[in-house]
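Participant: Take a look at this one; I'll ask things after.
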Amino acid sequence: MRHFQRYIYATKNYSENLKELRAKRLEKNKTHVLSQEERVFFSRLLGTIMAHHNEDEGSVGTSMHGVTAREQVFSFSVQGEDDGPSSHTVRFDDPTAKFALPVDSEHRATAFKPFSFAKPHMRAFHLGWISFFTCFISTFAAAPLVPIIRDNLDLTKSDIGNAGVASVSGAIFSRLAMGAVCDLLGARYGTAFLLMLSAPTVFSMSFVSDAGGYLSVRFMIGFCLATFVSCQYWTSVMFNGKIIGLVNGCAGGWGDMGGGVTQLLMPMVFHVIKLAGATPFTAWRIAFFIPGFLQVIMGILVLTLGQDLPDGNLSTLQKRGEVSKDKFTKVFWYAVLNYRTYVLFLLYGFSMGIEMTINNVISEYFFDRFQLELHTAGMIAASFGMANFFARPLGGYASDISARFFGMRGRLWTLWILQTSGGIFCVWLGRATSLPIAILSMMLFSVGVQAACGAIFGIVPFVSRRSLGLISGLTGAGGNFGSGLTQLIFFSSSKFHTADGLSLMGIMGMIFTLLVAFIHFPQWGSMFFGPTSDEKKSKEEHYYAAEWTEEEKRQGLHEGSLKFAENSRSERGRKAASDGSSPSTPPENGNPAHV
Amino acid sequence: MAIHKSLFASLLICLLFQISHGATKERLFSDLEKGALEVTAKPSREGVLDAGIDKLSITWKLSSTATKEAEFTTIKVKLCYAPVSQVDRPWRKTENELFKDKSCPHKIITRAYDKSPQSFEYTLERDIPTGTYFVRAYAVDAKDHEVAFGQSTNEAKSTNLFSVQAISGRHKSLDIASICFSVFSVLALLVFFVNEKRKAKIEQSK
């Protein structure tokens, strides 16, 4: 409604000039065709209104710039050959015009085109997920080669189990740190540092000669799983909230697929190297060079082709003064104070955590329980991980669709349904005694638990704006924590038969999933309760601005959060449309000649 | 999705083969005739043997107590794990069902059955893991089913055992390559980082 008032205000002030111009025209030319001066006047007037309009409006409509009838504005801009100083072409400085995808007021893309590599949005997406995919390959590269490695290094079952726990534990800490690194240095450097500094650890598998060395190297390689955080962070700053569930689901899912691909890739590479003449105990060491190379190549690509933010790189923008550097203590404080962080930490531990445990354990399970050949068991293990290709994006998409109708409540219910069904199928997998049933339950289990991962990251971007990076990191760390915990409890000792371990893990997962009911947003509600009735607190702005102190607000540091708050009104679901936050048809759309 | 479907389909085909193949194999180790062959395995030197270098002198001949001799067509000689090498390693477990048994995975030699005493000079393969071993010879009939066996140790698998040390699998060239690529990775990152910081400083001073 505001722009209409401005229009009135503007025309009132200029109405005297307008009347003059009109009178002059009718007197001189005796025509209804607008004179040059009138045309100039109108285009400047409308240009002013358009500039204001673009800044004030939320996501609805801005991305459609150029598609609606507002093009009329430009048709009145004057060519100005004959007139000289009195004519001014409307210099419409529209920065959104330079992006290949439609964007919102924060220049985050509002459309997702997976086959495009356009700068900066889709390029960031592809670089992010492929980096993460590469790191998953490296982290789980040892799992399919364990039968060879255990003979070379004389490992016992506890050695192998402990190394499995170590491979996911390192990332608990690196994912925590990664969130802060992204907030402070940008996603690009976070990713590149991780890829290129952990490549040496992958190469160092060639030095390993005993169980201790094997465990340390797997532990160190595991640190690179923090690329998950930088990848999700990168997509969260590049893509609008309405599609963030789908985008994060695709990025996360396609990255997680690496855990499945590695079960096929590493044995294949090993086999080829053996054919080339190497003995098995040397061939597996050479095979590890492949993930190492992939990491170095990806690191270089990220640095040369990537961009931190839609408007440029972080250091450049910071030095130009466009993006302010935030204080780590503040970012940390607001992440730690938000109770939703801990709930998401635990929830992710029993979706992603379970998934990673299965990556380490499932091949051996099928090999032992059903007396399969190693390559058959490997193929089954691979299909578990590869279901991620569609399962995780499906979860993100389901989250986005439910948000469109039911807002945040829809997202929470979607998460609960997906994760609980994952748990049910996990229990079924443990109980299955015939191979076809086991495979069926495993596939349903994989879809449930992987879609739940996607759904969780449909919610994470809304928990905080200021500490988004750190909270992404904490949630991601929760995944590794859950994996280490479940491997330790259920799969490292002879207390449980592996089948019982699976069922018990499923039950534990279902119990922890009940925590979803505790996530409550004052502006949007929760699974069972609606938004708060308090007038002030039920505004998105209040929730996101609460992360800044009065002093910081006075300095205007919270502008980014306010922009985000406005864009996040879509989380009210269908109600957002009837709230009047969508623009009424602007009157300047009409032909100004009728004025 | 298509990849997923075809994987699933090939999986089903594989396991159909497994099911049909495995159903017949319920022959037990305890059914085999014990001590039908007299087997000896003499290491080429004292102490722990080195894989890929040291040798075993293996001999086998028909024992006087053998009864199923008529069925013997082939002799399969294998390297088997002693109990101490099976501790905490379920992938080397001894099972009574012959097709499940994983305690004798390393093949030494397969020869047609001959009444006269046989011998073989076996060089330890380079993929033999570190452990303690003995030698067992299975007598196999025309249907490729085991009917009898003999081993170089006693029934409790505690005498005449020998130890093998595996090769490390490491190579100097591999170590050097690994160091080179690691250094390259770290250097490339630092170069990029420093370069960009410099460019940002130049931009700021503009």
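Our numbering is plain: 1 for the first residue shown, then up by one each step along the chain.
Heads up, the Cβ atoms here are built off N, Cα and C, so glycines get one too.
Any TrEMBL annotation is an automated prediction that lacks curation.
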Participant: Need the matching range: TrEMBL marks transmembrane segment on one of A:99-119, A:162-182, A:246-266, and I'd like to know which.
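Facilitator: Range annotated as transmembrane segment by TrEMBL: A:246-266.
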Participant: For the transmembrane segment (A:470-490) and the transmembrane segment (A:374-391), decide whether they are in contact, meaning at least 3 CB pairs lie under 8 A, counting pairs 6 or more apart in sequence.
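Facilitator: Counting Cβ pairs under 8 Å (6 or more apart in sequence), the transmembrane segment (A:470-490) does not reach the transmembrane segment (A:374-391), since there are fewer than 3.
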Participant: Mind checking which residues reach the compositional bias 'Basic and acidic residues' (A:551-577)? Cβ under 8 Å, same chain, six or more beyond either end.
Facilitator: 58-59, 104-106, 108, 240-242, 324, 326, 403-411, 462, 465-466, 521, 523-524, 539-541, 543-545
Participant: Cβ under 8 Å, sequence separation of at least 6 from the ends of the transmembrane segment (A:246-266): give me the contacting residues as numbers and ranges.
Facilitator: 112, 114, 125, 128-137, 139-141, 143-145, 227-228, 231-232, 235-236, 239, 287, 290-291, 352, 355-356, 359, 363, 378-379, 381-397, 399-400, 450, 453-455, 457-458, 460-461
Participant: Under 8 Å between C-beta atoms and at least six residues away from its ends: which parts of the chain pack against the transmembrane segment (A:412-431)?
Facilitator: 347, 350-351, 354, 395, 398-399, 402, 406, 437-438, 441-442, 444-445, 447-452, 455-456, 458-459, 499-507, 509-510, 513, 516-517, 519, 526-527
Participant: For the transmembrane segment (A:502-521), give me same-chain residues lying six or more residues beyond its boundaries with a C-beta closer than 8 angstroms to one of its C-beta atoms, as numbers and ranges.
Facilitator: 339-340, 343-344, 346-347, 349-351, 354, 357, 365, 408, 412, 415-416, 419-420, 422-431, 445, 449, 459, 462, 486, 490, 496, 527-529, 531, 543, 571
Participant: If you count Cβ pairs under 8 Å, which stretch among A:127-148, A:189-208, A:286-310, A:331-354 touches the transmembrane segment (A:374-391) the most?
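Facilitator: Between the candidates A:127-148, A:189-208, A:286-310, A:331-354, the best contact partner of the transmembrane segment (A:374-391) is A:127-148.
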